[in-house]
Amino acid sequence: MAKTYDYLFKLLLIGDSGVGKTCLLFRFSEDAFNTTFISTIGIDFKIRTIELDGKKIKLQIWDTAGQERFRTITTAYYRGAMGIMLVYDITNEKSFDNIKNWIRNIEEHASSDVERMILGNKCDMNDKRQVSKERGEKLAIDYGIKFLEASAKSSMNVEEAFFTLARDIMTKLNRKMNDSNSSGAGGPVKITENRSKKTSFFRCLLL
């Protein structure tokens with residue numbers, strides 16, 4: 001049976017329990033939002049195929065449990081991940097502080113060249129905000145990681161986040177292919193950014 005996609009990207013959602021990883025996954029994969037909190041047991045995944053620059057990309061997105069007792073299970077899935085989204089809750093300061101610990105886990109268990117993004121979820125709850133957007137941006141700059149605020153509930157920036165991570169993986173793959181074929185003729189077609197800006201992040205505001 002012929003493949004229906006050009007690339008398969010394995011993505012990982014990590015972060016403390018309750019920050020909204022599962023809600024982000026459901027919003028992106030099924031455009032749905034569940035108001036009932038159900039803690040992920042171990043690990044789960046969803047699949048969505050997107051199109052970038054004329055290529056069909058199958059995203060296999062793994063949703064990991066944030067509880068400490070599942071840490072040994074979830075770290076096994078770091079291997080082979082091409083992109084990792086570190087999620088915190090803007091209304092929960094501790095979940096933001098723990099992002100540094102999650103980054104340490106990535107450095108210990110994931111590939112050294114994995115693409116990463118820090119995502120501040122629940123920005124629709126601005127009245128309960130404990131973590132400013134500026135603090136999120138600064139942390140991302142300190143680690144050289146992209147940053148975005150999003151809301152699984154309102155869907156604000158959810159598509160943007162996953163597409164940006166996928167595009168960064170695609171760009172890296174393309175660069176590697178070009179490097180490996182630079183000495184020969186008829187190398188792969190260069191995939192270029194359609195947007196003039198590196199990324200076009202939107203501010204999350206309550207209207």
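The backbone N, Cα and C atoms fix where each Cβ goes, glycine too.
Record features, source Swiss-Prot:
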BINDING   17-23, Thr35, 39-40, Gly66, 121-122, Asp124, 152-153  GTP binding site
BINDING   Thr22, Thr40, Asp63  Mg(2+) binding site
MOTIF     31-45  motif 'Switch 1'
MOTIF     63-80  motif 'Switch 2'
MOD_RES   Thr72  phosphothreonine
MOD_RES   Ser180  phosphoserine
MOD_RES   Ser183  phosphoserine
LIPID     Cys204  S-geranylgeranyl cysteine
MOD_RES   Cys204  cysteine methyl ester
Considering only the recorded positions Thr22, Asp63, Ser180, which residue has the minimal Cα-Cα separation from Lys122 (GTP binding site)?
-> Thr22
With Ser180 (phosphoserine) as the reference Cα, tell me which of the binding-site residues Val19, Lys21, Cys23, Asp63, Ala152 is the closest one.
-> Asp63
For Cys23 (GTP binding site), the nonlocal same-chain Cβ neighbours (under 8 Å, six or more residues apart) come out as Phe33, Asn34, Asn121, Ala152, Lys153
What number of additional C-beta atoms lies within 10 angstroms of the C-beta atom of Thr22 (Mg(2+) binding site)?
-> 21
Across the whole of the motif 'Switch 1' (31-45), what does the mean pLDDT come to? Round it, please.
-> 68
Pick out which of the binding-site residues Lys21, Lys122 has the most other Cβ atoms within 10 Å of its own Cβ.
-> Lys21
CB neighbours of Val19 (GTP binding site) within 10 A?
-> 28
Site with most surrounding Cβ atoms, counting all protein chains shown within 10 Å, from the recorded positions Ser17, Ser180 | Ser17
Which binding-site residues from the set Ser17, Val19, Lys21 come within 10 angstroms of Asp63 (Mg(2+) binding site), judged by C-alpha positions?
-> Lys21
Sparsest-packed of the listed binding-site residues (Asp63, Ala152) - C-beta count within 10 angstroms | Asp63
